[in-house]
Structure formats: structure tokens, C-alpha cells
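Visitor: Per Swiss-Prot, ATP binding site is recorded for Lys18, Ser177, Asp178, Thr218, Gly219, Gly220, Met221, Ala222, Ser223, Lys224, and the stated evidence type is sequence analysis. Taken from Swiss-Prot, the feature substrate binding site applies to Ser58, Asp145, Asn157, supported by sequence analysis. Taken from Swiss-Prot, the feature domain 'PUA' covers 280-358, and the record attributes it to sequence analysis.
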Amino acid sequence: MGSPHREAIRTARSVVVKVGTTALTTPSGVFDAGRLAELADAIESRMKAGTDVVIVSSGAIAAGIEPLGLSRRPKDLATKQAAASVGQVALVNSWSAAFARYGRTVGQVLLTAHDIAMRVQHSNAQRTLDRLRALHAVGIVNENDTVATNEIRFGDNDRLSALVAHLVGADALVLLSDIDGLYDADPGKFQNARFIPEVSGPADLDGVVAGQGSHLGTGGMASKMSSALLAADAGVPVLLAPAADAAAALTDASVGTVFAARSERMSARRFWVRYAAESAGSLTLDEGAVRAVVGHRRSLLPAGITAVAGKFFGGDVVDLCGPDATMVARGVVAYDATELATMMGRSTSELPGELRRPAVHADDLVAV
């Protein structure tokens, strides 16, 4: 009997497909519209079988290198953003032309980490992608490199694809790149590197050494593994497969490494708190509060707080840290930082009536 986790990929009715930069370029780094068209063929076959697909496509910077007369991928931010602004046009035009052969229309959705982090923008992006699918258009998502700052070096869209997968309620995430799957070491450097066909828990990752990205993109194995684990933890199974085998990956999931999803899908709010929202500050907890919050899933009371850091307001997301400064949870705080600074360490009975709510309610708290 085949793997039930691969079966989950194969039978998924809604899939996010992430296409990495190296899947869209020649070995010398030149953007290759022909390779993109081949991937579109494989994706079209899956859609023709009745699956909704959203594409997260890297490659804007790479697509802008040749038109701007650059000899290699730029290193400075301004030139990266200039290349992205030129390359994004070529990238979307190529996807549009590829799917036009099948009578399909594409829609471009450019996001930054900030868009995903802010609840209103997060919801707007979700509605846009849902409406594109309802109108039978193919959503092409990319990071908005022309306005991103440090995000432009952030995972070659690996993390973004995991966030989008949960955002649209996808049944599966397929990561396509030049990587065969997960190994316990770099197979290009170590002949005895062991291929890992399935990851069902932390024990499967013992001894795994993940490398960084290529000169063409920014998403190395570390980024892909982290993003796959993020999606799987949220309840979305993931297949990490080579773009050269896209047809097999999207047809029967017989290639690459599959990451098993947790049995219960994380709610949209808890996912946003845990993974998408930007932290506005932190609270340091004593040992008793850590046990209550993490071990017993109880609300955080002011009495268990020993330090307040950051300028945050009620409704913001903050990190909850143990006495050793290790983050143990994240949550939506009920008070401003200035209020909590006067409340911390005090029992509820000592506080005025209007300040007797938990600092972070259990319903707004997610252990990490």
C-alpha cells in the first residue's frame, strides 16, 4: 500500500504550487520561458483533472537580468529591485502566454511579508485569491520585491508559499525547484548522503544538515525544510520535488520528499498569530507562567510576567518568553505595554476591576 501522505497530495482538490528561480532559469542563470511553459503544461494537466491551483512563482529578479544588460544577479538592493520591476513584467507575461494556450487567464498578486502580517491586508489577499479561483483564473503570486527590504532575501518565496497555502485553504503544497528532495547532507558534496522520502516527525530530521540558497535564487534547503515544516504543522501536507519531474509530482506524487501534515488543521486565527503576524514586543514569564501557558494551555495572567519589552498596544501580537529568553508561545495581548509594565507581577485581586482580564487569553495564545 502506498504512503497515505503521498495519497493526500495526489487527491488534493486545492493545491499551491511554488516554482523556484532555478526551475525557471538555464544553468547559466538566464530566464527560460520554455521551461516555464513546460511547468505550465504539468500544472494544466492537474487543473484539467479538477484541481484548483494557485502558483507562487519566483524568478522576477532573474528575468530582469538580461533585459537590463546585467552579467549576473545583482547584490545591492536598489539594483535587485530594478531588476525585479523589469523582470516581473516578463515573468507574468510568460505565465499568461503559457496558460493562454489552454484558454486560461492569469491574475498577478504581489505580496510582502507585511501584507501577510497585517490582519486586514491578510484578509484582502485571501478574498482576492478566492475570487480569482471562483472566476477560473490562475493566481500568480510573487513577493513584491520592488518595495520589500530585508524580505527580498527571504527564502525565495518558500515561506510565502506556505503562508499562501494556509491562506487559501489549500489541501496540499508542492515545492518545485532543482532539488530532488530532502537529504541528510548535500548530495553534491557527499556521495553517501541519504535521501529521506518521508518526514512524519522530528525524528526523521535527526542529523539533517541543510544548506543555503544558490546564486540564482535565495531559497536553499534550509528555507525549504523550514517552510515545509511550517505548512505541515498548520495541517497542509507538502511535497518537495524537482521541477524536472513536475508531471510526476503533480500527477501521482511519486517523486521527492513528502512532509506529513498534522492531523488537525490549525485555525486561521491561530495560524496568523503563530506564523504570519509580526511581533510588536515580548513578555518574559516566570517558570510557573510558562507551565500554565505551555503545559496547560491556560491564559497568561499579569502575575506571571516579569518583564515587558517593546511599544505595543492591546490587540497586537507579542512573543512570550521563558526566564532564559527562549520564546515559548505567541499571543494577542489585551493591554498596552505601558499598562502591563504597571501590572506585571501583581495578582488579579490587587488590580482595579477594569484590569482583571488576562494579559493574553488562552483563545489568543499559541505555543511554539
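Cβ coordinates come from backbone N, Cα and C, glycine included.
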Visitor: Could you tell me the maximum Cα-Cα distance in Å between the residues recorded as binding substrate, namely Ser58, Asp145, Asn157, rounded to a whole number?
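Guide: Largest Cα to Cα distance for the substrate-binding set is 11 Å.
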Visitor: Sort out for me which one of Asp145, Asp178 has the most neighbouring CB atoms within 10 A, since those are the binding-site residues we care about.
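Guide: Per the Cβ count, the most surrounded site is Asp145.
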Visitor: Going by DSSP, is Ser223 (ATP binding site) sitting in a helix, a strand, or coil?
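Guide: Its secondary structure by DSSP: helix.
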Visitor: Hey, what's the Cβ neighbour count for Met221 (ATP binding site) at 10 Å?
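Guide: Met221 (ATP binding site): 22 neighbouring Cβ atoms within 10 Å.
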Visitor: Any idea what the Cα distance is from Asn157 (substrate binding site) over to Met221 (ATP binding site), rounded to a whole Å?
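Guide: Rounded to a whole number, the Cα-Cα distance is 13 Å.
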Visitor: Using the alpha carbons only, what distance in Å do you get between Met221 (ATP binding site) and Ser58 (substrate binding site) once rounded?
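Guide: Spelling it out, the Cα of Met221 (ATP binding site) and the Cα of Ser58 (substrate binding site) are 16 Å apart.
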Visitor: Here the binding-site residues are Lys18, Asn157, Ser223; which one has the lowest number of other Cβ atoms no more than 10 Å from its Cβ?
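Guide: Each of the binding-site residues Lys18, Asn157, Ser223 was scored; lowest Cβ tally within 10 Å is Ser223.
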Visitor: Using DSSP with the three-state reduction, classify Asp178 (ATP binding site) as helix, strand or coil.
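Guide: Coil, per DSSP.
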Visitor: Which residue counts does DSSP give the domain 'PUA' (280-358) for helix, strand and coil?
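Guide: So the domain 'PUA' (280-358) is made up of 25 helix, 21 strand, 33 coil.
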Visitor: Which of the three DSSP states, helix, strand or coil, fits Asn157 (substrate binding site)?
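Guide: DSSP assigns Asn157 (substrate binding site) to helix.
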Visitor: Cα distance, Asp178 (ATP binding site) to Asp145 (substrate binding site), nearest Å?
Guide: 22
Visitor: Expressed to the nearest Å, what is the distance separating Ser223 (ATP binding site) and Ser58 (substrate binding site) at their Cα atoms?
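Guide: One finds 14 Å between the Cα atoms of these residues.
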